[in-house]
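Participant: I'd like to ask some things about the structure below.
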Amino acid sequence: MADDKNKNNRKWNLNLNLNSENPDNRRRTAYYLLMALSVLMFLNYFALPSYMNRSVEEVTYSTFLDQVNGGDVSEVKLEDTQITFVATDDAGDKQVYVTGIIEDPTLVTRLEEADVTFSKDIPTEASPIVSLLVSWVLPLLLFWGMGNLLAKQMTKRMGGGAGGALSFGKSNAKVYVKAGDDAKTFKDVAGQDEAKEALSEIVDYLHQPKKYQDIGAQNPKGILLVGPPGTGKTLLARAVAGEADVPFFSISGSEFVEMFVGRGAAKVRDLFKEANEKAPCIVFIDEIDTIGKKRDSGGYGGGNDEREQTLNQLLAEMDGFEANKGVVILAATNRPESLDAALLRPGRFDRRVPVELPDLAGREAILKVHAKKYKMDPAIDYNTIARATSGASGAELANIINEGGLRAVREGRTSVTQNDLEESVETVIAGYQRKNAVISPKEKEIVSYHEIGHALVAAKQTESAPVHKITIIPRTSGALGYTMQIEEGEKSLMTKQELFNKIVTLAGGRAAEEIVFGSITTGASNDIEQMTRMARAMITRYGMSDTFDMMQIETQTNKYLGGDTSMNVSAGMAEQVDREVLDIIKQAHEKAIAILNENNQKLHELSHYLLVEETITGAEFMKILEN
Ligand code: ADP
Ligand code: MG
Ligand code: ZN
C-alpha cells in the first residue's frame with residue numbers, strides 16, 4: 001500500500017512538472033519533487049523492510065531444523081544476518097519463514113540430506129564510492145537543496161523579490177502599478193452609493209490634482225473606511241485603485257507585525273518611502289485596527305511595544321509628507337472605536353466613510369452583481385431573496401449566490417433557479433439541511449407543533465411580519481425546525497408593540513408544546529435566548545420601560561462585532577432591570593398561550609399538515625388558516 005501511494009505521488013509530480021510554464025511554478029514543482037524524494041528515501045530506510053516482514057513469519061532456529069528434518073522445507077537462502085526459507089505449513093500452503101543465524105557447521109550437510117535447494121547471497125558488487133554516494137552525499141545534497149529553497153521563499157515573501165537577503169524586511173506591500181484583468185471598478189460594488197460618492201472625490205483628485213491645488217484646497221490625507229465585516233471595504237479600496245489608475249500599495253495591518261519583531265516600524269518607513277517616489281498613488285492599509293489599537297489598552301509586557309512602535313512610525317510618516325504630494329492613504333477597519341485617538345486627529349485619518357450593511361435595494365443590487373458571473377434562470381425574483389436576507393452582508397450575499405450555483409450543479413441543472421437560491425439562503429443563514437438525520441416520529445411531532453406555534457402566534461398578531469416558510473427538516477446548525485418570517489418592506493425602526501409581538505412569537509413554540517403535550521422540551525433554548533436579549537434591550541437600550549424612562553442602562557461597547565454590552569447602573573437598579581425583563585417575558589408567554597388556546601383547532605390541523613409535508617410555504621399556511 002505504501003508503495004502504491006508513492007507511485008501515485010511521483011506521477012502527480014511529473015504531471016505538475018510538465019504543465020508548469022512559469023519559473024515560479026517550476027520552483028514549486030522542484031520543491032515538491034524534493035519532498036517526495038526525501039519521503040521515498042525515508043520509507044526506503046525505515047518503512048519498507050517492516051512492510052516486507054509482515055508477510056514473513058519469524059520462527060526459532062530449532063523450528064527451522066525440525067522443519068528441515070521433517071522434509072517440509074523446499075528452499076533456503078542463507079543471508080548475512082538471517083536465513084530465509086520456504087516451507088509447507090500445516091495447512092499445506094507454501095509460506096516464507098525467516099530465522100536468525102546460529103554458528104552451525106552441520107547445516108549444509110543437513111540441507112543436502114533433506115534434499116533442499118539452498119543458496120547464499122552474493123554480496124552486492126557496489127563499489128564503495130557508489131554506496132558512499134547513495135547513503136551520504138545524496139541525502140546531504142537533498143537537505144542542502146531544500147534549505148536553499150526555503151530560504152529563497154522566505155526572503156521572497158519578506159523582501160518582495162529583488163535584492164535577496166539585502167532587501168530583508170522591506171515593506172511587503174503589494175503594488176498594483178497597472179490595473180490588470182482582475183481590476184475592480186465602482187461598477188463591481190453594488191449599493192454603497194454614499195461611500196462611492198465620497199471616494200470618487202479622491203479619484204477625481206488623483207486624476208487632476210491641479211484643479212484642487214489652484215483653488216488651494218487640500219485633499220484629505222487619510223480616509224478611513226468603517227463598517228461591519230463583509231460589507232465591501234476591501235472591495236471599495238480596490239475599486240478606487242482601479243478607477244484612479246494610479247499605483248496602489250496594499251498592505252494588511254497584520255502583515256506589519258508578522259515574522260520578525262522590530263521590523264514593523266521599518267516596514268512602515270519603507271512603504272512610505274516607496275509611495276513618495278511613486279506619487280500620485282494610493283496606500284491602502286487594510287484591518288488597520290491590528291496596529292492602530294489604543295496605546296493605553298492593556299499595556300503590560302513587551303508584546304505591545306512592537307505594535308506601538310509601528311503605530312508611532314505610521315503617525316510620524318503621515319505627518320511627514322505634504323498633503324498635496326498626491327499620496328492618498330486609505331484604511332479600513334471593523335472596529336473604529338478601538339482605534340488610537342491620535343490616528344483620527346485632523347491631518348491623519350480625518351475623513352471617515354461609513355460602509356454599512358446593505359438595505360433592501362442594496363441587497364438586491366449586490367445579488368444581481370454577483371449573479372452576472374453565473375448562469376441564472378431569467379425568471380429569478382431577486383427581490384424576494386433580498387427580502388429574506390435582511391441583515392446579511394455583501395459577502396454573505398455573494399456566498400448565497402455561490403451556494404445556489406453549487407446546488408444547481410449537485411442537482412444536475414444547467415442554471416441556477418429561484419429554489420436553489422432560497423435553499424442557499426437557509427444554508428448560509430440557518431445551516432445545511434440534514435435530510436438524512438434520524439429523528440423519532442414523536443420528536444418530529446413535537447417539532448411540528450412547536451414551529452406551528454411560532455407561525456400561528458405570528459399570524460394572529462397584527463404588526464408582525466408574515467410567515468414565509470415553515471419547515472421541520474433539521475439543519476446542521478442544530479435547529480430541528482425553522483419558521484421564516486419576511487418583513488414586507490425594509491424596516492429600520494421598530495415600535496414597542498412590534499418588539500413585544502416578536503417576543504410573543506418567539507414564546508409561541510414552547511407555548512404550543514405545553515398546551516398539546518403538557519410537558520416541555522429543550523427545543524426552545526434558542527427562542528429563550530433571543531427573547532431574553534430583546535426584552536433586555538427594550539429596557540436597557542431602547543427606553544421602553546416606564547420605570548426607567550429614557551435612561552440608558554447598557555452601553556454597547558462594540559457595535560459591529562458581537563455587540564458586547566456593559567451595564568452602567570447600580571446593583572439595586574440592575575435588580576429592578578431583571579424584574580422588568582422577567583415581566584415582559586411572562587406577559588409574552590401568557591399572551592402566546594392565550595392565542596394558541598383560542599386557535600386550538602387550527603393548531604392541530606396545521607401541525608398535522610406540516611408533519612406530513614415537512615415544509616410548507618406561507619401561502620399554504622394562510623390558506624389552511626383562513627379556510
Ligand atoms: P470587508 O473588507 O468589508 O470585510 P470585503 O470587501 O472583503 O469586505 O468583501 C468580501 C466580498 O463580499 C467581496 O469580495 C464581494 O464579493 C462581496 N461584497 C461585499 N460587499 C459588496 C458590495 N457592496 N457589492 C458587491 N459585492 C460585495
Ligand atoms: Mg476586508
Ligand atoms: Zn422555536
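Cβ coordinates are placed from backbone N, Cα and C, and glycine is handled just like the others.
A TrEMBL annotation is a machine prediction, not a hand-curated record.
According to TrEMBL:
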type     : residues                                                       : note
ACT_SITE : Glu451                                                         : active site
BINDING  : Gly227, Pro228, Pro229, Gly230, Thr231, Gly232, Lys233, Thr234 : ATP binding site
BINDING  : His450, His454, Asp527                                         : Zn(2+) binding site
DOMAIN   : 219-359                                                        : domain 'AAA+ ATPase'
TRANSMEM : 30-48                                                          : transmembrane segment
TRANSMEM : 129-151                                                        : transmembrane segment
Participant: Which residues does Gly230 (ATP binding site) neighbour through Cβ under 8 Å, counting only same-chain ones at least six apart?
Facilitator: Ser393, Gly394, Ala395, Glu396
Participant: Between the Cα atoms of Thr231 (ATP binding site) and the residue listed as 'active site', what distance do you get, rounded to the nearest Å?
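Facilitator: Counting only the Cα atoms, the answer is 32 Å.
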Participant: Taking the binding-site residues one at a time (Gly227, Pro228, Pro229), which has its Cβ surrounded by the most other Cβ atoms within 10 Å?
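Facilitator: Comparing the binding-site residues Gly227, Pro228, Pro229, the most crowded Cβ belongs to Gly227.
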Participant: Look up Thr234 (ATP binding site) in the DSSP assignment and reduce it to helix, strand or coil.
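Facilitator: Helix, per DSSP.
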Participant: If you draw a 10 Å sphere around the Cβ of Gly232 (ATP binding site), how many other Cβ atoms fall inside it, taking every protein chain shown into account?
Facilitator: 27
Participant: Grab the pLDDT values for the domain 'AAA+ ATPase' (219-359) and give me their mean, rounded.
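Facilitator: Taking every residue in the domain 'AAA+ ATPase' (219-359) and averaging pLDDT yields 81.
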Participant: Given the recorded Zn(2+) site (His450, His454, Asp527), which additional residues of the same chain have their Cβ within 8 Å of the Cβ centre, ordered by sequence?
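Facilitator: Output for this site, in sequence order: Glu451, Gly453, Gly481, Thr483, Leu506, Ala507, Gly508, Gly509, Arg510, Ala512, Gly523, Ala524.
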Participant: Taking a cut-off of under 6 Å between Cβ and any atom of ligand 3, tell me which of the binding-site residues Pro228, Gly230, Asp527 pass.
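Facilitator: Checking each Cβ against ligand 3, the ones under 6 Å are Asp527.
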Participant: Taking Cα atoms as reference points, which of the recorded positions His450, Glu451, His454, Asp527 is nearest to Lys233 (ATP binding site)?
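Facilitator: Of the recorded positions His450, Glu451, His454, Asp527, Asp527 has its Cα closest to that of Lys233 (ATP binding site).
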Participant: Neighbours of the ATP site Gly227, Pro228, Pro229, Gly230, Thr231, Gly232, Lys233, Thr234: Cβ within 8 Å of the Cβ centroid, same chain, sequence order.
Facilitator: Ala332, Asn334, Val355, Ser393, Gly394, Ala395
Participant: Rank aside, I only need the closest one: which of the recorded positions Glu451, His454, Asp527 has its C-alpha nearest to that of Thr234 (ATP binding site)?
Facilitator: Asp527
Participant: Under a threshold of 6 Å between Cβ and any atom of ligand 1, which of the recorded positions Pro229, Gly230, Thr231, His450, Glu451 are retained?
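Facilitator: Cβ < 6 Å from ligand 1, in sequence order: Pro229, Gly230, Thr231.
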Participant: Helix, strand, coil: count each for the residues of the domain 'AAA+ ATPase' (219-359), based on DSSP.
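Facilitator: Split into helix, strand and coil, the domain 'AAA+ ATPase' (219-359) gives 63 helix, 29 strand, 49 coil.
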